[in-house]
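Visitor: Dropping the structure in here first, questions after.
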Amino acid sequence: IDNEPYTRVWIPDPDEVWRSAEIIKDYKVGDKSLQLKLEDETLYEYPIDLQGSELPFLRNPDILVGQNDLTALSYLHEPAVLHNLKVRFLESNHIYTYCGIVLVAINPYEQLPIYEQDVIYAYSGQNMGDMDPHIFAVAEEAYKQMARDEKNQSIIVSGESGAGKTVSAKYAMRFFATVGGSASETNIEAKVLASSPIMEAIGNAKTTRNDNSSRFGKYIQIGFDKRYHIIGANMRTYLLEKSRVVFQAEDERNYHIFYQLCASSSLPEFKDLGLTCAEDFFYTSQGGDTSIDGVDDADDFEKTRHAFTLLGVKESHQMTIFRIIAAILHLGNLKIQGERDGEVCSVSSEDEHLKNFCSLLGVEHSQMQHWLCHRKLVTTAETYVKSMSLHQVVNARNALAKHIYAQLFNWIVHHVNKALHTTVKQHSFIGVLDIYGFETFEVNSFEQFCINYANEKLQQQFNSHVFKLEQEEYMKEAIPWTLIDFYDNQPCIDLIEAKLGILDLLDEECKVPKGTDQNWAQKLYDRHAASQHFQKPRMSNTSFIVLHFADKVEYQSEGFLEKNRDTVYEEQINILKASKVKRMVADLFQEEKDAVPTTAVPKRAPRINVRSAKPAFKAANKEHRKTVGHQFRNSLQLLMETLNATTPHYVRCIKPNDEKLPFKFDPKRAVQQLRACGVLETIRISAAGFPSRWSYTDFFNRYRVLMSKRDLSKNDKKQICQTLLEELIKDPDKFQFGRTKIFFRAGQVAYLEKLRADKFRAATIMIQKTVRGWLERTRFRRLRRATLTLQCYTRGHLARRLFEHLRRTRAAIILQKQYRMLRMRRAFLRVRSAALTIQAFARGMFVRRIYRQMLMEHKATILQRYARGWLARARFRRARAAAVVLQCHWRRLKARRQLQALRIEARSAQHLKKLNIGMENKVVQLQRKVDEQNKENKLLNEQLSMLTSAHSSEVEKLKKELQQYQQTQQGDGKQLLSLQEETERLQMELKRAHGEREVMEDSHSKERDLLKKVCLSVCLSAYEFARNTVEENMQMKKELEEERSRYQNLVKEYASLEQRYDNLRDEMSIFKVMKPELSTPGHRRNPSNQSSLESDSNNPSICTSEIGDTEDVIQQVEEIGMEKAAMDMTLFLKLQKRVRELEVERKKLQAQLEKKELLTKAKTFPEPQMAGLAAERRSWLRQELESENKKLKNELNELRKAIADHATQNNSANDVQDGYSLLLNQLKSANEELEVRKEEVLILRSQIMKAAQQKEMGKNMTEDWGYLNEDGELGLAYQGLKQVARLLEAQLQEQRREHEEEMEALKNQVDFMQEELEKQQQAFLQTLQLSPEVQVEFGLQQEITRLTNENLLFLGLMLGFLLNVSSVFQDLKELLEKLEKNEKKLKKQLKIYMKKVHDFEVERRLHERNMQVAVQRKEKDFQGMLEYYKEDEPLLIRNLITELKPQAVSATVPCLPAYILYMCLRHADYINDDQKVHSLLTSTINGVKKVLKKHQDDFEMTSFWLANMCRLLHCLKQYSGEECFMTQNTAKQNEHCLKNFDLTEYRQVLGQLSIQIYQQLIKIARGILHPMIVSAVLENESIQGLSSVKTVGYRKYSSNAGDICYSLDEMIHELNTFHSIMCDQGLDPEIIQQVFKQLFYMINAITLNNLLLRKDVCSWSTGMQLRFNISQLEEWLRGKNLQQSGAAQTLEPLIQAAQLLQLKKKTWEDAEAICSLCTALTTHQIVKILNLYTPVNEFEERVTVAFIRDIQVNLKGRNDPTQLLLDFKHLFPVLFPFNPSAITMDSIHLPASLNLDFLNKV
């Protein structure tokens, strides 16, 4: 008994409100005090009032502290509620807590990561009690009840200023916008959210309690259609605080919009507003500091403008709004000048702010100046204009400013509602009420009175609703209902709004002309002095006290009448009505004529009666409508009617401290707000009845340890629970049995927990006793066995040590002997080696000295020789240079003199006449002389050639004679001299080699050292490079994954857009049934298709790089334009000439090389091998020629590109441009034709080589001719084929010779042109001697003629050459066709004979065996192609795609439709029909999309078409003809490749379609598994016996009738189904692995998100259960061979979370272990789990705040994302690796069930 803990209680405390203590002495009836011990171990005597018999409140057990719901506490009272909120807020950082149907939200003053999109999805669809308390849970409950009960809902958010009401309402609207997004494209949910920044700008301001306090109330109705999508919204506002426009208290600000506009005044569009900083204006600087920490007013202003634009407010209206706001600021800065002691006032006409005010609002300057200081008084007889005092003018100005702002506020609200309005019929709505909470200040005025009046009405509605819910709960469970006395504030409401109440008397006083606040207060004292809720202060005659439900508030009556009237003078309003800004300013006040309230009567003018500018009303009730109080009462009544017609949901916001510090809890402020917001009233109502409620199942699982075995053997759990409670609790009033729940009075659950803990404690003691005895006995046995073992090993060790000592002693002696001998021998060898080394170095030193001396002498002589020679040559050069200079000066002098004489002579006319006489004759004579000289030159050249030939022959003869003579001559003297010279030369070379060797050795040693250093640095750099490369590769992989994910997201978006387009098209087709419109998309050929179709032959053309480059250059020149494409043709022709010369030289060299090789090989090889070598040489030469030709063409193309670039920079004449364009076109066409012919020649060569190979193979097969054909017909046919091949080869050689001769002729012509060009150049040089003008004309003529002649000659040569080549190739083509025909005939004959031989062998064997078996012939002619007619294409798509069921082809080859589609495509490619290919692929893609759209929820159908589309994609790659995809093909499969079309673009389209199908497959699987995951993985009781250790106090407030509990086996069964379907349908294993990786990631994300948002599952038992369930999933992956898919790695965060729940969490070492283990969890997730960790019984300990701080310190260095939850909708980038098929197309069989009889095999 002494070990039992003391009873803990709560006692009042002045600082902490309530304080915990323990009773250390038993209490007896009649004791006057309790002996207590406080938490700080101090003793305290608590007095007890014997008359009241009030004992301290009992404290709940620790296991119940920190509950999600306050009503789940066993003891329900104020200290328990306060302590529970404090523990959750400070220790667990949980800001939300349930209190029955109320959500208590404490403002953390810090941004928390609990409002992301993932959190919204996590709470969507969940019951309110399933997850941790959250504003999203309340919003989801409202949304769910609206959809389930089809009843309108309301969310009432209330609280003090700064408690977070606006933020909570904003998050609730965000939830509705996300979950109930509009189905259309109007983005109404975005507009709803966009209204928040506008209303915050014009209705929120900084106060002492909140930086963003809402100074008005608003009720937003979000409308939904029948499908519960948002269709619109409507906003109602209440009681805007207009006085803030003209007055702000210290440390407060005006509305945000004023400061935002001033912060953006520097923008160009706001220059006309005349604004400066906010400190310069009276209306914005009264509170002191005009800025807010952490708030950028300019940035907020941009958001406000963007929200205006999003809501459809025109730019002109926005500017007008800003002009009005700026005008209000200028109005506040007016300088009012008082005269006559303030009785008369005036405003200067030069006042800058008055000018700005009038110009901005478009009003008359003089009228506004006059009526700001005067007013009009109308009597029955006449009208007076009276000046106002300074005080009256200031009040009138402020009233005008408030009225303008109020009208602007109403206009903006009206336009926001207009933007949110919809024409669609509203089915239901959810209202969000963001209204001010109960307020009490030091000075309370009219605004606080209206606010507290509204809270009184809301509290009455709240109390009645809570009472109603309690009553319904008891009636539903059939519990006897007893009347509960709850607080009713109807008397307080009657005091305010009843007849002759406070508001009624206020309106009466407002109607009195001389009514004052003091008179109204006196009437209140007289009328309500006897009321319980009304009091008069002792020290004041102008104040009154109202006892509200939350607290009593003292109101100052000063200003009540003025604010209730809301007085604005009519003359000022009339000026505004006449505003020139008709767009908006005048419209604001047009409807205010009947709403101008009565003006006040001044005291200083009793003789003048003042009446309203509006005629008097006949009825009194009309007058009430003018007052603010009456309007507010009517709007409040309408609000209450709306709330009463809906199902309310309550959010109570609590402000934890007044300093706005994050996570600081002030108990005094919290208790004050809890009392004011009705939370404690809810607790009192719940505590008055049966607050604790347990279902029978949960009670049985929790308290089964208290039951006997006999009771547990029964099947009726309800009867077992009743029996147990009747035995444990003797008082029957302490509990009640309902239909589905057990109801307990306060404190009974704590009593049951104590009994359960005692039972566990006794069991624990028994277990500990038994375990300790067993441990001691085990320890003794282990020690005895250890002792015996130690003795045995010790004795053996001693014996082994003695033996080891003896062995080592003998070994040491032997080692000493050998070592001494070795040491002496090494000393002798070292001495001898040193002697030899000294001798060698000494001898070498002497020899090197002698050599160096000789070398120095020799070098000296050489230097002397060269120096003397250089000096002599230098002297000679100086002398010669001096002579030359003298000669030059003398000759220049003589030339100048002669030049002067010639110039004098040339100036005379007679000299010119002499020169001209006979010039023409001289020219003719010169031409004749030139011709004669040319003839003589030719004769001389001929003679020279003859002489050179004769000379060469004579030289050869002489050479032969000289050789003979040298062979016969035997001169010993000459040989001796030559030998001596040779020896001397060798000696010199030897010396030089020695010297070079020494130099090389020195340089080698230096380079070796340098290389070592370089190698070391290179190794280090290589290591760094390798490491950087690995990091870059990892980064590139990540970027590739991100890029692939972005690409697939784009594909996904494209699919959604396409789906939306299909939906719209379907809707349009409904309206346009009679007018269908068909559209066929076009087909764009790729270049390969175009080239193959444009050629004349059926063979596809080969696109070479040379032609492509040439065409690019030509196209570039053509694009530049002929104006800039002029070029120097001479340069172009010279380049072409140079290319031809290079080709001629290359061919000559090749011919010489061939001759030499033939001569050498003829000597070394015998004649039979010469033929093979020649063939090899020809092939090698041909390859070399082709490569060289390609190089030359590349160079030519580069030259052409350079010319084209040069052409863009120069300009020339138009005639040259035309000629050049013609030349380019002709050259382009010639190149194209030449390449086509070249390809045909290559084809011919390949076929000839094949024929030659067949010829060689035929020699080996001659022995089998008799066996194959007895008559020899086949052999004769083959011999004929060989003869034809030989004939064709001979013809080809003859054609080649002719071609070479023609090329030589063309070269000769080119040489001739070159000679002509040289002659023209010589003539051009001669013309240089003429005058400059004549030179220019002559040069131009010569250049033009030369260019035209060269162009014509070149084009003629080219055309002739092409014609010859085309004729040659045409002949070759005809021969090839004949050869192909003969070859086909021979092949057919060969097949016939082979069949005959095969049939004969089969018949012979069957005859021998005497058996008769029916043999099925195989169609050997089937080429794997399927033919169909164009009109059968829709039938093909329908039978193969649209109406095909996966079961129809389950027994055939997997992916059979894909193979059939490819065979049809292959036939269309074979016949070169591009339209058919395009139509078939387009129809296939559209058909698959149609099927997937029809079966959006069918996993089997989606998996089936994913497998087929992937297989079709693989087939298009495998048979595309690309080498990278053909590495695994067989020879037969290579024959099935596509020939004519490149379907790369369609492969990309099919890849995108496959991605869309994959995403749809994941979506279907996610929809199937999502409802199972939480129940199967997190809540499933796979380990029996853990069900009894669930946390207490867990309550659900709503449930779905369709909630189903799934087990882990059911989820695994679904996974098995998915796996078997995908495997049976032939889906690639890599894709299957990616599917399950994605699904297991989803399982991990959903389970972990649920774990992070649920307190009831964060316990040790859940961790054990979760780890077991994960192991089951891992075992399933291993069983399906999916461990390499990465699916198990996606479960790592969940595994670590389960381990975190099971680890020890006390010391610093535990914190380090947790940080090192939980690497896959972020810091926020680890801290969140630790905060949520809840012990299931008192034997476990809570995680302390200090331990969590240690975790945060350890994880401080991590760069984790701030996101708390995982995005379970995240998709990994999918990869479709190439997976070729081993099936050949000709082996596929078409089943008859597919109804594809119209397909013909080809």
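Easy rule for this one: first residue shown is 1, then count along the chain.
Each Cβ is built from the backbone N, Cα and C atoms, and glycine gets one as well.
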Visitor: State the residue range annotated as coiled coil by TrEMBL; the candidates are 557-591, 1362-1396, 1677-1711.
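Guide: Range annotated as coiled coil by TrEMBL: 1362-1396.
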Visitor: Residue list, the region 'Actin-binding' (636-658) vs rest of chain: Cβ under 8 Å, 6 or more residues beyond ends.
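Guide: Same-chain residues near the region 'Actin-binding' (636-658) but 6 or more away: 85, 89, 99, 101-109, 135, 138, 141-142, 145, 149, 151-165, 168, 172, 209, 219, 236, 238, 431, 433, 437, 453-454, 457-458, 461-462, 465, 664-666, 669-670, 673-674, 677-679.
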Visitor: Starting from the Cβ of LYS165 (ATP binding site), draw a 10 Å sphere and report how many other Cβ atoms land inside it.
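Guide: For LYS165 (ATP binding site), the count of other Cβ atoms within 10 Å is 27.
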Visitor: Give me the non-local Cβ neighbours of GLY162 (ATP binding site): same chain, 6+ apart in sequence, Cβ-Cβ under 8 Å, ordered along the sequence.
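Guide: Spatial neighbours, sequence-distant, of GLY162 (ATP binding site): ASN107, THR207, ARG209, ASN210, ASP211, SER213, LYS655, LYS660.
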Visitor: In the region 'Actin-binding' (636-658), how many residues does DSSP assign to helix, to strand and to coil?
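Guide: Each residue of the region 'Actin-binding' (636-658) counted once, the result is 9 helix, 8 strand, 6 coil.
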Visitor: Looking only at the domain 'Dilute' (1482-1757), what is the mean pLDDT?
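Guide: Value for the domain 'Dilute' (1482-1757), mean pLDDT as a whole number: 85.
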Visitor: List the same-chain residues at least 6 positions away in sequence whose Cβ sits under 8 Å from the Cβ of SER161 (ATP binding site), in sequence order, or say none.
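Guide: In sequence order, THR207, ARG209, ASN210, SER213, SER214, TYR436, GLY437, GLU439, LYS655 meet the Cβ cut-off.
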Visitor: When a 10 Å sphere is centred on the Cβ of THR166 (ATP binding site), how many other Cβ atoms does it contain?
Guide: 23
Visitor: Let me know how many other Cβ atoms fall within 10 Å of the Cβ of GLY159 (ATP binding site).
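Guide: Around GLY159 (ATP binding site), other Cβ atoms within 10 Å: 27.
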Visitor: Are there residues of the same chain, six or more positions away from GLU160 (ATP binding site), whose CB falls under 8 angstroms from its CB, and which are they?
Guide: ARG209, GLY437, PHE438, GLU439, CYS653, LYS655, GLN673, ALA676
Visitor: Beyond the listed site residues GLY159, GLU160, SER161, GLY162, ALA163, GLY164, LYS165, THR166, identify every same-chain residue whose Cβ lies within 8 Å of the center of their Cβ atoms for the ATP site.
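Guide: In sequence order, the nearby non-listed residues are ASN107, ASN210, SER213, SER214, GLY437, CYS653, LYS655.
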Visitor: I want to check the contact list for GLY164 (ATP binding site): same chain, sequence separation of six or more, C-beta distance under 8 angstroms. What comes out?
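Guide: Those within reach of GLY164 (ATP binding site), by Cβ under 8 Å and sequence separation of 6 or more, are ALA105, ASN107, CYS653, LYS655.
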Visitor: Far apart in sequence but close in space: which same-chain residues, 6 or more away, have a Cβ under 8 Å from ALA163 (ATP binding site)?
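Guide: Listed in sequence order, they are ALA105, ASN107, ASN210, GLY437, CYS653, ILE654, LYS655, GLN673.
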Visitor: Treating G and I as helix alongside H, and B as strand alongside E, what does DSSP give for the domain 'Myosin N-terminal SH3-like' (4-56) in helix, strand and coil?
Guide: 0 helix, 25 strand, 28 coil
